[in-house]
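*Asks:* Sharing a structure below in structure tokens format, with a few things to ask.
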């Protein structure tokens, strides 16, 4: 029996190093190839030895798909392709292709140049890896080979993020990557059609969360920032370079303008310019409001937000700083945090999810004494706030997407086990869909049924059986019945019943051909000549001369008309249905040869 096999190499009951191996109808696809931000050893990368035991990666894998540019989804890609060894195609969207190498290089600099880590990929490896990338457009069906095809859908989340449908014959899997079902200030909501895959693999980061009103969260965020700077404190907002950063910058920019505030706002050097460049380049990926106003005003060119210099961190007085990365695991955000953590007037606002092992996760879990590098202990006196501006779907959004796609089964990844368990039960009870949540290295096998049960109406069955007993008709019947699909159930009914159920009127499509004849007689006389001629030739057909002057041969209609510009010429209009195309073509050819001379 056909089956789909899924093995998470990363993100199984876990957030970080997303990497899911899918086998579908004899094809093997790797979905994402991320790194875990909470580890600095071999655990940061997925365990690729699971694949390589039986030979070369390229021989086993048909393709790799990257859903978006976040490092927990693409961070291990150069290691995988250049160090482990994979030469096959890597698919991603155009914005992901543009932004991915920049973030990989930024992270490489932190890991190798600053921390001196060994066994890490080089700048050249990033370039060589990106040469294997095939960029895809949204809703474009891409043939990976003769049997395997993939298609990208808009996922929201970050610029260029996509959900992917993987299809082989009648079997299909949809992988969501990270997505957001709520539009925000710069991106639209995720969308997928009713594609009814055998399996939907969905993220479950916020599996138990139902978010409050976005407007309340924004108001709360602005209030906390404003109160902190009013009392002379500094606000650190750790973000990733693209995504929540732009969302919160637009929010603060508007508030600063409205309140006429003079407190400086800074953003990590260089990244603002890069972000601006890519949002301009890929403006079709943003939401409708930004696309409409972009010609008059670029929402990403900020009047109040300036580039940050590391010397500014020691300046007296209030300020707001957006610094990367978003989980306080390295880089500029961690450096600033260490400087400001000891002052209770200051505040750090964590706007997104932090994986276990990162400083961000530790302070959100309540730790206030942190062991840093070199066994230094950092005491955190600054206020710590968590405000979810995360661009992940909440429980309501995940349920909405499952309902939209109508899969046969659901598999949860990219989430914590306890939260997954809650969502698994919710999906199974409310949507009556089987749901799985494998751990890393655990394989889920799903049998797929290539047959679809179809109900048939008794009336149609009786009619077809009676038709089968009759001698073969001259003309083949083009339509025996109509397949109706409703609520995932299929029924075969007669075409008359289908029209009645759907409230549709029957239409007939006819083809008309013009035949020119030289004839000075009146139209009625020409039609009579046509009737006599055809009656004498077509002994086995029903030829009739109707009261209105037209001629019929079976269902074929022939009418004579006189063009006003040439009274000596008559035009015969020969029309037929698709069913009688053969007879219609024959009559047209016959009439084009002309009519026999009538006795004078």
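Cβ from N, Cα, C; glycine included.
In case it helps, Swiss-Prot gives these features for our protein:
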BINDING   68, 70, 157, 178  Zn(2+) 1 binding site
MOTIF     68-73  motif 'HXHXDH motif'
BINDING   72, 73, 178, 414  Zn(2+) 2 binding site
ACT_SITE  203  active site
CROSSLNK  381  SUMO cross-link
CROSSLNK  462  SUMO cross-link
MOTIF     469-479  motif 'Nuclear localization signal'
CROSSLNK  475  SUMO cross-link
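Each of the listed features needs to be described in terms of its position in the shown structure.
*Replies:* In three-state terms derived from DSSP, residue 178 (Zn(2+) 1 binding site) belongs to neither a helical nor a strand segment and is classed as coil. In sequence order, 67, 68, 70, 73, 155, 157, 158, 161, 203, 205, 391, 392, 414 make up the list of same-chain residues 6 or more apart from residue 178 (Zn(2+) 1 binding site) whose Cβ falls under 8 Å from its Cβ.
Within the chain, the motif 'HXHXDH motif' (68-73) has long-range Cβ neighbours (under 8 A, six or more residues past its boundaries) at 11, 15-18, 32-37, 93, 95-96, 99-100, 103-104, 107, 155, 157-162, 177-178, 240, 242, 355.
Under DSSP, residue 203 (active site) is assigned to a strand (E or B) in the three-state scheme.
Residue 381 (SUMO cross-link) falls outside any helix or strand according to DSSP and counts as coil.
Residue 462 (SUMO cross-link) has a Cβ environment of 10 other Cβ atoms inside 10 Å.
A mean pLDDT of 57 is what the model gives for the motif 'Nuclear localization signal' (469-479).
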*Asks:* Quick check on the motif 'HXHXDH motif' (68-73): DSSP residue counts for helix, strand, coil, in that order please.
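*Replies:* Going by DSSP assignments, the motif 'HXHXDH motif' (68-73) contains 3 helix, 0 strand, 3 coil.
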*Asks:* Using a Cβ-Cβ cut-off under 8 angstroms and a sequence gap of six or more, which residues of the chain neighbour residue 72 (Zn(2+) 2 binding site)?
*Replies:* 11, 15, 16, 17, 18, 34, 35, 36, 37, 355
*Asks:* Using a 10 Å radius around its CB, how many other CB atoms surround residue 203 (active site)?
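*Replies:* Its Cβ has 27 other Cβ atoms within 10 Å.
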*Asks:* Give the number of CB atoms, excluding that of residue 73 (Zn(2+) 2 binding site) itself, located within 10 Å of its CB.
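*Replies:* Counting Cβ neighbours of residue 73 (Zn(2+) 2 binding site) within 10 Å gives 31.
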*Asks:* Taking each of the recorded positions 68, 157, 381, 414 in turn and counting other Cβ atoms within 10 Å of its Cβ, which one has the fewest?
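*Replies:* Among the recorded positions 68, 157, 381, 414, the lowest count of other Cβ atoms within 10 Å belongs to 381.
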*Asks:* Just the number: how many Å between the Cα atoms of residue 462 (SUMO cross-link) and residue 381 (SUMO cross-link)?
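*Replies:* For residue 462 (SUMO cross-link) versus residue 381 (SUMO cross-link), the Cα atoms are 83 Å apart.
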*Asks:* Let me know the DSSP-derived helix, strand or coil state of residue 462 (SUMO cross-link), please.
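*Replies:* In the DSSP reduction, residue 462 (SUMO cross-link) maps to helix.
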*Asks:* Within 8 Å of the Cβ centre of 68, 70, 157, 178, which other residues of the chain have their Cβ, at the recorded Zn(2+) 1 site?
*Replies:* 67, 69, 73, 155, 158, 161, 177, 179, 243, 391
